Amino acid sequence: MESRGKILMERYELGRLLGKGTFGKVHYARNLESNQSVAIKMMDKQQILKVGLSEQIRREITTMRLVAHKNIVQLHEVMATRNKIYFVMEYVKGGELFEKVAKRGKLTEVVAHKYFQQLISAVDYCHSRGVYHRDLKPENLLLDENENLKVSDFGLSALSESKRQDGLLHTTCGTPAYVAPEVISKIGYDGAKSDIWSCGVILFVLVAGYLPFQGPNLMEMYRKIQHGEFRCPGWFSRKLQKLLYKIMDPNPSTRISIQKIKESTWFRKGPEENRILKERTLNENTTKNVAPVLGVRRKKNAHEDVKPMSVTNLNAFEIISFSKGFDLSGMFIVKEWRNEARFTSDKSASTIISKLEDVAKALNLRVRKKDNGVVKMQGRKEGRNGVLQFDIEIFEVTTSYHIIEMKQTSGDSLEYRQLLEEGIRPALKDIVLA
C-alpha cells in the first residue's frame with residue numbers, strides 16, 4: 001500500500017519517501033482529483049497504542065485543526081484504516097531550515113531577521129488560539145518554494161485546556177538544547193514564555209551557527225540553561241544582542257513578551273546597513289565545511305574564534321515526548337552511531353544504582369562503582385571484539401529527577417546494542433519515566 005506509485009484509499013497516489021521517524025514516516029503524494037501535491041504522514045495504530053501515543057495523536061489533530069496561518073503547515077484531512085492513521089498535510093518543498101543552516105554554517109542577520117519575523121508571527125497566532133508548540137527548533141521549521149517559513153510538528157503542542165488550576169503547564173517536553181529553564185526545573189510553566197525562549201535559541205543558532213548553551217554532558221548544559229549563561233559572538237549587532245538577552249532571560253516572569261519583541265528596534269527594522277555589509281563579507285568568507293549547528297564549540301575567552309568539533313548532537317533526537325521524562329515517553333533514546341543510550345527516572349540515585357546492580361547480576365555482568373557518579377559494567381567473557389564494557393553516568397537535575405547516560409567504551413557494538421535492546425532496556429522499565 002505504501003510503495004511508490006500505489007493508490008491510497010482511492011484518493012492519493014503515493015510517491016517518494018520524504019522522511020522517517022520513530023513512530024511513522026512521511027510520503028510525498030498527489031491528490032488524484034485536484035492534482036494537488038501533499039505530504040502524507042503515516043502512523044501504525046498498534047505501535048501508537050502499544051506506547052500510549054493515542055492521546056498524543058488526538059492532541060496533534062485537534063491542535064492542527066485550530067491553527068490556520070500562512071507560516072504554519074496546514075492539515076488538510078485525517079484518514080484511517082484498521083491498521084494505519086494518515087495525516088494529509090500541506091507539502092512544503094523547500095526542506096528544513098536546519099539543513100540550510102547546516103549547509104551554510106550560519107545565516108546573515110538579514111536572512112535570520114526575515115525568518116524570525118515569520119516565526120514570531122506564527123507563534124503569536126498559535127498563542128492567541130490557546131496553543132503552545134513546546135518543541136520549536138530549526139528541524140521543525142520548513143521552507144516553501146519562496147523561502148518562506150512554515151512551522152511544523154505539533155506533536156508536542158499543549159492546548160490551554162491542559163493547564164492545571166494554577167494556570168501553568170506541568171509536562172516536560174521539547175528538545176533539551178532549546179527548552180526553557182523553568183521546563184527543565186519541572187515546575188509549572190507558562191507555555192507562551194517557554195516558546196519565546198525557544199524562539200530566542202533558534203534566532204541565536206541561525207546567526208551564530210552553533211547553540212548558545214553547550215557542555216560536555218547534559219547536566220552541564222542544563223546548568224547553563226538554568227542560569228542563562230551564554231555569550232553572543234562579535235558579529236552579532238548590538239540590537240540583536242540586546243534582544244537575545246531579553247528573550248533568553250532565565251526568569252520567566254521578567255522574560256520579554258512577544259508583544260515587546262515585536263516592538264523592539266531589531267525586530268521592526270532589522271540590522272543596520274553597515275552591519276549588513278559586514279555580515280555579507282563574513283558569510284562569503286565562511287568555509288563550506290563549517291560544522292553544522294551542534295558541531296561547533298566556542299573557545300574560552302575567545303568566543304569569536306569558533307572551531308568545529310564533534311559533540312553529541314543534542315538537537316537531532318527523534319523525540320516525541322509528553323510524559324514526565326524529557327525525551328523518552330517511557331523508552332530509551334538510543335544513538336547507534338555513538339553507541340549511547342539515555343533515559344530519565346524519578347527514582348533516587350541509590351535506587352537507580354541498586355536497580356543497575358540487580359540488572360547486572362541477572363545479565364551476568366561485572367559492576368564497579370566510581371566516586372564521580374559513574375558506574376562501569378563489563379562482560380565476564382570475551383566477545384567478538386574483546387570484552388564488552390560500558391559506563392553509566394547518573395546526573396541529578398533535582399533530587400527526584402535524574403538523567404542516566406550509557407556509553408559503550410569497548411567491545412563489539414552489535415553485541416552492545418543487542419544487550420541494550422534485549423536485556424537492559426526491558427529490565428529497567430520499572431524505573432524509566434513513563
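For all residues, glycine too, the Cβ spot is worked out from N, Cα and C.
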Of the residue ranges 8-37, 38-67, 338-367, the one that Swiss-Prot records as region 'PPI':
338-367
Name the residue range among 153-182, 213-242, 303-332, 393-422 that Swiss-Prot annotates as region 'Activation loop'.
153-182
For V26 (ATP binding site), nearby residues of its own chain (Cβ under 8 Å, 6 or more apart in sequence):
L17, L18, G19, K20, A39, I40, K41, M42
Pairwise CA distance, D135 (active site, proton acceptor) versus G24 (ATP binding site), rounded so that it is a whole Å:
18
Among the recorded positions listed here (L18, K20, G24, D135), identify the one with the smallest other-Cβ count within 10 Å.
K20
From the DSSP assignment alone, can you count helix, strand and coil residues within the region 'PPI' (338-367)?
15 helix, 9 strand, 6 coil
